[in-house]
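Trainee: This is the feature table in TrEMBL:
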BINDING   90-95, 142-145, 177-186, D212  FMN binding site
BINDING   R302, T537, S597, R598, K603, V604, Y605, V606, T607, D640  NADP(+) binding site
BINDING   R458, Y459, Y460, S461, T476, A477, V478, Y482, G492, V493, A494, T495, W678  FAD binding site
DOMAIN    84-228  domain 'Flavodoxin-like'
DOMAIN    283-523  domain 'FAD-binding FR-type'
TRANSMEM  20-40  transmembrane segment
Amino acid sequence: MEVEADVGAEQISSTSDALFGPLDILLLVALLGVGIWWLIRNRKKSDTLSSNGKSYSIQPTSMTLQTSTENSFIKKLKSSGRSLVVFYGSQTGTGEEFAGRLAKEGIRYRLKGMVADPEECDMEELVTLKTIPNSLAVFCLATYGEGDPTDNAMEFYEWLQSGDADLTGLNYAVFGLGNKTYEHYNQVAIYVDKRLEELGATRVYDLGLGDDDANIEDDFITWKDKFWPAVCDYFGIESTGEDFSMRQYRLIEYKEELPERIYTGEMARLHSLTNQRPPYDAKNPFLAKVKVNRELHKNGDRSCMHIEFDIDGSKMRYDSGDHIAVYPVNNAKLVEEIGRLTNVDLETVFTLLNTDEESSKKHPFPCPTSYRTALTHYLDITMNPRTHVLKELAEYCTDPAEKEKLKLMSSTSPEGKALYHQWIMDDNRTIVHVLEDLPSCKASLDHLCELLPRLQPRYYSISSSPKLYPNTVHITAVLVDYETPTGRRNQGVATSWLAVKQPNPDTEYTVPVFIRKSQFRLPTKPQTPIIMVGPGTGFAPFRGFLQERQFLKDEDKQVGESILYFGCRKRAEDFIYQDELEEYEKKNTVKLHLAFSRDQSNKVYVTHLLEKNLDEIWKVIGENNGHFYVCGDARTMAGDVHKTVLKAIMEKGQLNEQQATAFLKKMETQKRYSADVWS
């Protein structure tokens, strides 16, 4: 065999000699040379890019150019002589606002501070923060969804969970933003506070927990008024005792020559609303056409809208159970009223420029822009103003009584808190109402633009299935419109704006939107049985679920039992999508349990119907490994439903309370018990 191998090798060698002549060898050398040149050229490009300290980071929804220096909060602290850094995890802007207030107040306690977004920072640098004398890290973290961190705090949260960094020497404090009507109340802040201590960090002051269902402003100021003395005691420093008002932004008004770039309502990229290009997200919403806008209520004095958005061509995809975010526009009359009360020409173009050159946030919103645009698109002018806003407004009052009233409401005294709760919260006053009721308060409009929070997108559960409507998104929204104790008419920002968008052959309406993914999902196996509890507009995602299950049935797929608990006030008034539900019932796609609370003398709610059907609940979730969903009011309904399910597990599953609680907790972990609720 060895001889045969040698003969074969000789044959191959002779064949090779025949195949490759001098010209072939020359061509091979040339190709090799070109290849080497190409590799060297690209290596140089890569080295040049690295030497500039820049790298491209492609995210799921955007591409950003970042520099390693910009991500170093330690370098920023050292270069600007600061020792306090306040990180925020914020979904709606409140956490960021609280962080800004803490950083601003630090100057009073000889702790020059800065605000930082953990998403834009290298959070591993926390291990070296101790190298800065008297350094302190504060975390204002909101809990979002089912006990999740906010989008911008996700990476930091996961780093804490999976890492084992030595944080010895790190001084910290945590304030959480949550809502007690949700099961996982302030879970993120509680975990971060505990985890930082486990990693060796030193807690300077106790964890603060804010409840947005009650009065989160009161919770925050009560916490921080004890936090600062604890900080002073820990570091051995004293307050300057000065009551100061320090502006964060410097005003530039353009009287004659206007800048080339003027924002007209865009979230980030200039002209993004006229020059649309994907991918679409929170900073780059898609202008969706309103295809349908019809009334769902048959009678009564309330309104519920069914609206369909055309997303064809957007490349946006959604699943049943996802949310669509709508960027609303403030009422033009309210905008005009603020202009009148502050005596400002709303067409004036201006910029607010951060006085802190180290800050990554150069402007509070896209600038330069006009006052009208800022009040229309960027600022929330309808929410109840927080105490720090009232404190700043007090300085503009020429009437001593009005000035004292604002100062009292911004204080932490029991009298001040009670007055704030009654005059602002209970009477539901907005910034417009405050300025109207305190005529001597001639506030500076640019200062108001700095103080007022950003106008946030409104999220709606999608009430359609992409199986039927791949290019259309449906929502179900109740029009918010009511009279306040002061006799004024308050309207929901988004719903009142959407209500007038009635498409017709002559008029086309568009709305800036983007899709937000959800964990609220149908079982992966269609044959899995499900129970859905969704009174009122809580039915919205279940409409998509039922559309999807009907679609699968029509394709002769095996589909498990679908049971719906739906409730409203009166069958003849607000039984939304009645025809659709009754049709699904005829086709045996859904089993209906209906509660009309005001159609009889004793009020009947979905929770009452659930109480009567404990056997059914256990059969689905206990015997058949089914899924249970609840959508709607978190304050009372969702909690009552949770208790009823627990009762069914105990009584019908013959488990004690501890075992039943563990069973339900496991269901939640497996995403077999899901809640999409709001308060």
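Note: Cβ is positioned from N, Cα and C throughout, glycine not excepted.
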Trainee: Measure from the Cβ of Y460 (FAD binding site) and count the other Cβ atoms within 10 Å, all protein chains considered.
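Mentor: Total other Cβ atoms inside 10 Å, all chains included: 25.
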Trainee: Which residues of the same chain, at least 6 positions away in sequence, have a Cβ lying under 8 Å from the Cβ of T607 (NADP(+) binding site)?
Mentor: M637, D640, V641, T644
Trainee: If you draw a 10 Å sphere on the Cβ of Y182 (FMN binding site), how many other Cβ atoms land inside?
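Mentor: Taking all protein chains shown, Y182 (FMN binding site) has 24 Cβ neighbours within 10 Å.
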Trainee: Mind computing the max CA-CA distance among R458, Y459, Y460, S461, T476, A477, V478, Y482, G492, V493, A494, T495, W678, which the record assigns to FAD binding, rounded to whole Å?
Mentor: 23
Trainee: 10 Å Cβ neighbour count around A142 (FMN binding site)?
Mentor: 30
Trainee: Taking helix as H, G and I and strand as E and B in DSSP, count the residues of the domain 'Flavodoxin-like' (84-228) in helix, strand and coil.
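Mentor: DSSP classes over the domain 'Flavodoxin-like' (84-228) add up to 65 helix, 35 strand, 45 coil.
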Trainee: Output the one of G93, G492 that, of all these binding-site residues, has the highest number of other Cβ atoms within 10 Å of its Cβ.
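Mentor: That would be G492, with the most Cβ atoms nearby.
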Trainee: If I take every residue in the domain 'Flavodoxin-like' (84-228) and average their pLDDT values, what number comes out?
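Mentor: Mean pLDDT, the domain 'Flavodoxin-like' (84-228): 93.
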Trainee: In sequence order, which same-chain residues at least six apart have a C-beta under 8 angstroms from R302 (NADP(+) binding site)?
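Mentor: Listed in sequence order: V478, L479, D574.
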Trainee: Using only C-alpha positions, which one of G93, N179, K603, Y605 is spatially nearest R458 (FAD binding site)? These are the binding-site residues in the record.
Mentor: G93
Trainee: Do any residues at least six apart in sequence from N179 (FMN binding site), in the same chain, have a Cβ closer than 8 Å to its Cβ, and if so which, in order?
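Mentor: Listed in sequence order: T143, Y185, D211, D212, D213, A634, S679.
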Trainee: Please give the greatest C-alpha separation between any two of the NADP(+)-binding residues R302, T537, S597, R598, K603, V604, Y605, V606, T607, D640, in angstrom, as a whole number.
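Mentor: Those residues reach a largest Cα separation of 26 Å.
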Trainee: Of the binding-site residues A494, K603, W678, which one sits closest to G145 (FMN binding site) when you measure Cα to Cα?
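Mentor: Ranked by Cα distance from G145 (FMN binding site), first place goes to W678.
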Trainee: Using a 10 Å cut-off, grab the number of neighbouring Cβ atoms around the Cβ of V478 (FAD binding site), all chains included.
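Mentor: A 10 Å sphere around the Cβ of V478 (FAD binding site) contains 17 other Cβ atoms.
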Trainee: Between Y182 (FMN binding site) and K603 (NADP(+) binding site), what C-alpha distance do you get in Å?
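Mentor: Their Cα atoms are separated by 25 Å.
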Trainee: Counting distance between Cα atoms, which of the binding-site residues S90, A142, Y460, T476, G492 is nearest S597 (NADP(+) binding site)?
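Mentor: For S597 (NADP(+) binding site), the spatially nearest of the binding-site residues is T476.
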Trainee: Would you count the other C-beta atoms found within 10 angstroms of the C-beta of R458 (FAD binding site) for me?
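Mentor: There are 19 of them.
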